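Have a look at the structure below before the remarks.
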């Protein structure tokens, strides 16, 4: 468990590469919807690696800048809550539509979630960080957004979506966001958590210096 808590996003990168290889070899045998959902699954894995692996630095950015925590290495986000929430997101919320791509509302929810990340990473995080880039933004702009736009255009053009589909998709998305948010920042939040982020994880993307600079500017 300790090893996986620390390296789940590295495992995810390997899974993304293997999934990409499999997708390349089976591309012509798959439906367009399955291709899009597979690409969406790869996108979330790369997004997570970008946030935590390379360039990384997301834990300190989230706990210190966004939540202004007194214990930014472990509260409210810690290694365990971060791992659990993201693994569930990847291998259930994003992976299920790959195998059931004809269930449109099942794929619509993660697609909309990915599109929503443009607001989070492209606007909110950049404003907070006084920057033009933050870990995760590259995957959002280069994968989540184009995949999402194409997916929504495709299901609309081919009359695969109805008002009921939209309703189910939005409800499913809402449930996921509540559960995801609660698990990451409430239910598993613990100021005394033993699952603290490592110094290396906190300082990736030179995040310690950037946070200190932001705080000095605010003061």
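In case you wondered, yes, glycine gets a Cβ from its N, Cα and C as well.
For 6-25 (among others), the entry in TrEMBL reads transmembrane segment.
As annotated by TrEMBL, transmembrane segment applies to 91-120 (among others).
Residues annotated as transmembrane segment in TrEMBL: 132-152 (among others). Counting same-chain residues at least six beyond the ends of the transmembrane segment (132-152), those with a Cβ under 8 angstroms from any Cβ of the stretch are 33, 36, 39-40, 42-44, 46-47, 50-52, 55-58, 61, 107-108, 111-112, 114-115, 117-118, 121-122, 125-126, 204-205.
Summarising the annotation, TrEMBL assigns transmembrane segment to 164-185 (among others).
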Legend entry - Spatial neighbours of the transmembrane segment (6-25) far in sequence, C-beta under 8 Å, 6+ residues away: 35, 38-39, 41-42, 45-46, 48-49, 51-53, 79, 83, 86-87, 90, 198
